[in-house]
Amino acid sequence: MIVFPNAKINLGLRILRKRTDGFHDIETIMIPIGLSDALEIVPSADGEFAFTSSGIAIQCDPEENLCVKAFRMMQRKYGLPEVKIHLHKAIPAGAGLGGGSSDAAFALKLTRRLFSIKVCGNELLEMAAALGSDCPFFIENITSVASGRGEALQPFPLSLKGYHLLLVKPDINVSTPWAYKSITPSGIPLPAPDQLQENPDAWDAMLVNDFEPAVMKSYPEIKEVRDRIRGLGAFYTAMSGSGSAVFGLFKSAPFVRKEDFSGMFVWQELR
Ligand SMILES: C[C@@](CO)(OP(=O)(O)O)[C@H](O)COP(=O)(O)OP(=O)(O)OC[C@H]1O[C@@H](n2ccc(N)nc2=O)[C@H](O)[C@@H]1O
Ligand SMILES: Nc1ncnc2c1ncn2[C@@H]1O[C@H](COP(=O)(O)OP(=O)(O)O)[C@@H](O)[C@H]1O
């Protein structure tokens, strides 16, 4: 069975406070986008476990890979036999696009289907939250306001249909734990959702990513990319999550070529 774990972008990200458990309370709007890995899990014919990968290299031990950790969690809980897992990576890591989190959430959903396990919705969300703060979002995988450490989700009916998305990931990998250590919480919440729905032209003035000052100070190239995307006529431009990917939203397609940017480049009309 094959699934296609997709990336997300963050539309605004406020860091409210540092918590006593080492995490931060945040508020952000998370939006699924059409850039995906491919994840295959099949029952193992020879009884041996195997993990293979292709595409963008991920520098971590197979047992540390989030999709393997997700499968192991289901295996322990439901006494499942061994499987063979193949992951094709197209979503870069250290980008703020949630690729690893998405792989983990999709591995939970795929394992449930593969072995016809009766899991209630909340149980899957709890397992996802134990794997990472961003993981629960990819269970329902719909545009949502995320709060708490990112696991408290409220569906948000915001349509970006017809807009064009330009996503650029410079050749910089930002570590999420480092980014959280580098910021000072703003303590400012997101604007009220109904103000946003009605007024995309005001998003640039209303929505802030609290990671940007600290991350762009350490990596000025990320700010340069954001400024260049803005110069192409985007009505909203921001870094996604803790970076380094930057995106712009456009009402009509500007003239832009892959060669104009170094790093990874994705251009798509949103549905
Ligand atoms: C910043 C965000 C915004 O969507 O995404 P990315 O930029 O990573 O995609 C998320 O908050 C990233 O969530 P995720 O990548 O799942 O983080 P986790 O694995 O749970 O935590 C990694 C580390 O980040 C810090 N952390 C994470 C989430 C949070 N709300 N507060 C934190 O302080 C903690 O130091 C934690 O040990
Ligand atoms: N399946 C996976 N895909 C990407 N990164 C993974 C995966 N499994 C574990 N990781 C580790 O998670 C970190 C990045 O996670 P990811 O969610 O892709 O990035 P981001 O923080 O940019 O959203 C890296 O340190 C990487 O080694």
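Glycine residues also receive a Cβ, built from the backbone N, Cα and C atoms like all the rest.
In this structure, K8 (active site) is part of a beta strand by DSSP. Per TrEMBL, the feature active site maps to K8 (among others).
Contacts of D134 (active site) defined by a Cβ separation under 8 A and a same-chain sequence distance of 6+ are given as K8, M30, G98, S101, G150, G241, in order along the sequence. D134 (active site) falls outside any helix or strand according to DSSP and counts as coil. What TrEMBL records for D134 (among others) is active site.
Taken from TrEMBL, the feature ATP binding site covers P92, A93, G94, A95, G96, L97, G98, G99, G100, S101, S102. With a 10 A radius on its CB, G94 (ATP binding site) counts 20 other CB atoms from all the protein chains.
The domain 'GHMP kinase N-terminal' feature in TrEMBL is assigned to 65-138.
Residues annotated as domain 'GHMP kinase C-terminal' in TrEMBL: 205-252.
Sequence-distant neighbours of P92 (ATP binding site) (same chain, 6+ residues apart, CB-CB distance under 8 A): I56, G99, K169, N173, A245, M264. For G96 (ATP binding site), the same-chain residues that are 6 or more apart in sequence and have a Cβ closer than 8 Å to its Cβ are N10, V174, T176, F211, M239, S240, G241, S242, G243, S244, A245. For K8 (active site), the count of additional Cβ atoms within 10 Å of its Cβ stands at 28 [all protein chains shown]. In this structure, none of the recorded positions from K8, P92, S102 has a C-beta falling under 6 Å of any atom of ligand 2. Checked against ligand 1, the binding-site residues P92, G96, G98, G100, S102 give G96, G98 as the ones with a Cβ under 6 Å from it, listed in sequence order. Mapped onto DSSP helix, strand and coil, the domain 'GHMP kinase C-terminal' (205-252) counts 21 helix, 10 strand, 17 coil.
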